[in-house]
Amino acid sequence: MADLESVLADVSYLMAMEKSKHINYSKYIKKIVLPDENVHSIMRKYLAKRNLLNFEKIFDQRLGYLLIKDFCEINHPNTHMQLRFYDNIMTFKTITTNIDRLNYGRKIYDEFIMTDLLINSHPFEEESLRRVQDAYNDANRHRCVGFDIFDGYIEEIRKNIKNTIFDSYLNSEYMIRYCQWKNYEYNLNVTKEDFSIHRIIGRGGFGEVYGCRKLDTGKMYAMKCLDKKRLKIKNGGPELALHERNILIRVSKGEVSPFIVHMTYAFQTPEKLCYVLVLMNGGDLHYHLCHHGVFSESEMRFFACELILGLHHMHSRKIVYRDLKPANILLDEAGHIRISDMGLAYDFSEKHPTSCVGTHGYMAPEVMRKNEPYNSSADWFSLGCVLFKLIKGTLPFYNRGSGMTELERIVTIPLDLPLSFSTEVRTLISGLLCPEISLRLGCYDKGIENIKSHPFFNSIDWSHVLYLKYPPPLIPPRGEVNAANAFDIGNFDSDHFKKVKLNEKDDEFYKDFNVIISERWQSDITQEIFDLINSDADKALQKKRQKLKKYGSDIECSHAILEGDLLKLSGPFQSWQKKYLKLYTNRMEFYTKNKDGMLINKSLEFIPMIDVKEVIKDFKKINKNDKCIVIVLKDETKIAITSTDKILISQWRDELIDGFRLSTEMILEKKAGVVLACSKI
């Protein structure tokens, strides 16, 4: 029976994997619905207050870039052509083979530069043009061009867009759509219910890893779930979990490495901490060592190259990994690797670690010594152990010097590499496994460049490695779950932790655990369903316009400081009722909407700002709502408003406080003017 359940779990998981490759958004359980476009007035103020309305902040976000591009396609064809030029340059910079890059660059030149030159309308600096032409003149001899020959155009295109069309974009419907998307993003609250969770694919010291599917995009992820009770009984366990979260944030923001497992979401349930990570469904190198056997030197070279760039990416961010081993090196379905499990990684930007952590057999001698500070040097030693294991099947210091400690074996017994290893492999591994940090490969002189220039890598073009151009030596079997049987992986004995109680102190410790990595979320959205969601939003807007036309109205901006939908505590039973608030410098206007979403003028509740005594600065908790704004009138009547939108309600509070202050100042100035006029009589 257990075998049958395991097979069914595998089938369900593989079917989910297949579905994720064929998008049919109409069948998704959860749909993304953008907020009404009236949020844009509030969002603009929110973004402006945080200096997020400038060109760089919008253009350098994937959402902003695509919407600017759509805006230009309709309204500014010439600028849209420049953005196509920009896209082609970015593609050019990823091409690693010299001949392909040479040919693609020539195609760019013919389509976007020569065409302009023929009609004397090339709107760029002479220097940018000359740089490209000189590069291609040299290419006649060298048959290659550099990655950066078009970089002058990149800066010019950005500058042109900023100076010519960006202001009109800010006042367009595309900016309204950007505000809708940002409002949706800022209000995201990811929970377990947003995922369909499938079979277990791994287990660690504090929890399990599951394959899962996001219900609104269909994208597959790995969900690592740590048990709060297990963490609690482990000395320093909760701190370790938060530390891993912070490291994952560090390696997941900005330019990510294709050789490191990055995170998109982190959230919690009452008993679990969950990291939502890139899914690597090709198994780990330990699994494949067991099933495939040892690798040849050329096969090992492929894995070594990708590991070197992954480790260097961490080191460049002042992170030492500290637990490199085959079980932590995962393969994707194409056979490329990523380093996973940041539980022991350490940020050494301010202080170097001294603790002895890692996996025996892979730890550097400086890690095993007590109270000795170390840094990224430890990872290069571990890399040497991994490479040895991949081609030999055992660890380099395994079973040497019986009766001696592991540290003593490493530092006292000379490394004896098999004669079957080539000279290049012997010098590479012995260089990485040098006990003396100052002599260890990767730790002196030019650092990583000494590794990359080692004779073992003479045939390697490192840009090819970065852009995944080399064919992997091992392609994981398709249509299989490249992991141990679900029942072999097993589950934790929950009875062991029944007596462990979680309390308010634990909740307080984890209160800031949840996070969404904006760049990763935007990347997933724009790859999967961005156009579909925009199409749905366009249809909703069209319906709204038809209703407005029916009522003889139109979508237009009022002179209100701010306006939008809120909840107001009203009625004889003091319940939350939907209202539409318009805030002016001298008044507030509350409206009710009809079933078509139109404002009912007869429902107007008019409150002059002169009648307001105070807008309480701190949010109050009323009727289970934590973020309520309380406005006190001079007759001591209290008006309470709130919103499920955490961004909008924060901005409403700020605007109401500022509006009340401004109104008070205007009244005082008016009174002062009257007094002054009377004194002159």
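Using N, Cα and C of the backbone, Cβ positions are placed for all residues, glycine too.
Marked as active site, proton acceptor by TrEMBL: D323. For K224, the entry in TrEMBL reads ATP binding site. TrEMBL lists 54-179 with the feature domain 'RGS'. The feature domain 'Protein kinase' is assigned by TrEMBL to 195-457. Marked as domain 'AGC-kinase C-terminal' by TrEMBL: 458-525. Here TrEMBL flags 559-661 as domain 'PH'.
Separating the Cα atoms of the residue listed as 'ATP binding site' and D323 (active site, proton acceptor) is a whole-number distance of 17 Å.
Taking the Cβ of K224 (ATP binding site) as centre and 10 Å as the limit, one finds 26 other Cβ atoms among all the protein chains shown. Per-residue confidence over the domain 'AGC-kinase C-terminal' (458-525) averages 84 (mean pLDDT, predicted model). Spatially close to D323 (active site, proton acceptor) yet at least six residues away along the chain are D341, G343, L344, A345, V357, G358, T359, Y362, S382, judged by Cβ distances under 8 angstroms. According to its DSSP assignment, K224 (ATP binding site) is in a strand.
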